[in-house]
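Pulled from TrEMBL:
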DOMAIN    27-479  domain 'Major facilitator superfamily (MFS) profile'
TRANSMEM  20-40  transmembrane segment
TRANSMEM  83-106  transmembrane segment
TRANSMEM  113-132  transmembrane segment
TRANSMEM  138-160  transmembrane segment
TRANSMEM  172-193  transmembrane segment
TRANSMEM  205-224  transmembrane segment
TRANSMEM  286-310  transmembrane segment
TRANSMEM  322-344  transmembrane segment
TRANSMEM  351-375  transmembrane segment
TRANSMEM  387-407  transmembrane segment
TRANSMEM  428-448  transmembrane segment
TRANSMEM  454-475  transmembrane segment
Amino acid sequence: MAGGSYNVGHDAARQYDGRITGFVIITCLVAAMGGLIFGYDIGISGGVTSMEPFLKKFFPSVLHKMNNDSGDENEYCKFDSQLLTLFTSSLYLAALVACFFASVVTRTFGRKFSMFFGGVVFLIGAILNAIAGNIEMLIIGRLLLGVGVGFANQSVPVYLSEMAPPKIRGALNIGFQMAITIGILFANLVNYWTNSIEGGYGWRISLGLAAVPAILMTVGSIFLPETPNSLLERGHSEKAKQMLRKIRGIDHVDEEFQDLYDASEAAKQVEHPWRNITMPRYRPQLVISLLIPFFQQLTGINVIMFYAPVLFKTLGFGSDASLMSAVITGVVNVVATLVSVFCVDKFGRRILFLEGGAQMFICQIGTGIVLGLKFGVNGKGNLSEGWADFVLFLICAYVAAFAWSWGPLGWLVPSEISPLEVRSAGQAINVSVNMFFTFMIGQAFLSMLCHMKFGLFFFFAGFVLIMSLYIFFFLPETKGVPIEEMHVVWEEHWFWNKYMNMEDNHGSSGASTSAKPV
């Protein structure tokens with residue numbers, strides 16, 4: 001491991017002419033709205049599940065435990081209910097299944113069609129949740145929301161990476177994460193408002209307003225242009241060249257178009273992208289598409305985001321105070337994501353990953369220590385106002401660290417590293433692993449909190465340490481590298497370069513081994 005071997009030089013990567021156009025920025029901003037549906041759902045779930053009218057109708061046993069003032073109730077276990085967590089996590093199970101179908105649809109019919117379809121299905125799910133009269137209807141609505149999320153998370157990051165100029169690809173792709181954080185904040189504000197509505201129907205408004213981001217995504221996708229990569233993939237060469245001229249703002253795009261065309265021709269030789277991505281020369285993309293989303297969920301962020309009101313209520317915050325605390329973390333999330341937007345193409349991906357990891361580790365250890373001292377292992381105790389504010393500060397600092405590191409980069413890096421012939425498969429792996437572990441951790445969190453108590457924060461801190469070491473040793477810098485020239489960073493990396501020179505022994509099932517690497 002020679003010094004400097006982790007930061008790959010980009011001199012060998014081709015640089016294309018072009019300028020940053022208003023057209024491509026507006027297009028990417030519209031596409032990024034696909035993140036609103038994911039963010040709104042993450043934010044709305046925890047708030048709704050802390051509302052007494054909602055619990056009374058669907059989860060009365062949880063409400064009974066929550067209102068138990070006998071002093072015998074373990075504070076860590078107030079919300080421990082598998083049925084309650086199924087309400088939250090069922091969406092991610094549906095998204096896991098949907099993303100495999102979305103991979104085929106995205107490749108066959110284009111990125112914008114996947115966005116449109118996802119928006120329509122999410123809209124139907126939002127309506128079902130708003131009018132739900134029983135738990136079955138509620139779960140069916142959640143499953144439809146999951147299908148919408150699966151299609152959006154499959155298509156939007158790929159769309160943004162393909163449309164954006166290399167110099168600002170990171171910032172424009174992070175528009176997706178920015179939309180997620182805005183969706184979370186909007187949901188937290190909605191929950192704070194609907195919780196105060198008399199009549200006990202506020203939760204219906206919270207769930208029904210998911211239709212707003214769904215409509216924005218559906219309508220926006222109708223007016224979006226298709227990416228040059230997708231047009232080439234489906235045989236529309238002239239349209240692809242015209243679109244490339246439009247998004248680059250110049251007429252002379254021959255060099256970049258030729259690389260896109262070569263990549264498309266290599267991709268067309270691939271009959272089985274799922275089989276091909278297991279070939280040795282795609283080992284870096286496969287491993288990173290598996291591990292980045294796995295690690296992203298093992299930061300513990302989503303349990304903070306969709307259980308924030310429940311968590312704060314568990315720690316002794318009142319109902320309104322717990323929802324307001326969730327609003328505060330939502331604001332921090334949005335502001336900190338802006339840091340990533342402005343820094344990712346200036347300082348690179350690695351430095352944000354590593355700094356964010358160190359900050360999350362410190363905050364999780366601190367939170368675990370405070371909860372251990374104040375609640376012990378029996379879960380009986382309380383937080384004074386000063387200690388409660390300190391815990392809120394630690395959680396906000398943790399959310400900020402995630403928001404400028406693993407949050408946006410967990411979507412950006414997997415979407416930009418795969419060549420066209422396996423890009424849909426790579427993104428499907430990224431989304432499916434993300435959704436699977438979101439489901440598993442979402443389903444297990446309240447039970448884990450009950451049984452592991454304050455040790456749960458040490459559990460997540462341990463994984464943050466492991467993932468930071470992985471980034472340090474195995475992730476090369478991808479800042480500023482054209483998406484179809486990404487092979488250069490693997491060829492120059494101390495570990496991955498050995499896979500780039502291996503012969504693939506898959507016979508005719510893959511692309512021709514003589515095709516130009518992309």
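Placed from the backbone N, Cα and C atoms, the Cβ positions cover glycine too.
Nobody curates TrEMBL annotations by hand; they come from automatic prediction.
Keep in mind that this is a model prediction, so the values were computed, not measured.
Only pairs six or more apart in sequence are counted, and the transmembrane segment (83-106) with the transmembrane segment (138-160) gives three or more Cβ pairs under 8 Å, enough to call it a contact. Of the recorded ranges 20-40, 113-132, 138-160, 387-407, 454-475, the transmembrane segment (428-448) has the largest number of C-beta contacts under 8 angstroms with 138-160. When Cβ-Cβ distances below 8 Å are used as the criterion, the transmembrane segment (113-132) is approached by residues 31, 34, 37, 102, 105-106, 138, 140-152, 154-156, 159, 204-205, 207-211, 213-215, 217-222, 224 of the same chain, each at least six residues removed from its ends.
Within its own chain, the transmembrane segment (387-407) is flanked in space by residues 177, 180-181, 295-296, 299, 301, 304-305, 308, 312, 315-317, 325, 328-329, 332-337, 339-340, 343, 352-353, 355-357, 359-360, 363-364, 366-367, 370-371, 374, 467, which lie at least six positions past its ends and keep a Cβ under 8 Å from the stretch.
Within the same chain, residues 115, 118-119, 122, 145, 148-149, 152-153, 155-156, 159-160, 163-165, 167-168, 172, 175-187, 209-210, 212-214, 216-217, 220-221, 223-225, 246-249 sit at least 6 positions outside the transmembrane segment (20-40) and bring their C-beta atoms closer than 8 Å to a C-beta of that stretch.
The average pLDDT computed for the domain 'Major facilitator superfamily (MFS) profile' (27-479) is 87.
Long-range contacts of the transmembrane segment (454-475) within the same chain, counting only residues at least 6 positions beyond its ends with a Cβ under 8 Å from a Cβ of the stretch, are 1, 6, 287-288, 291, 295, 298-300, 349-350, 353-354, 357-358, 360-361, 364-365, 367-369, 371-372, 375, 406, 413, 448, 495-496.
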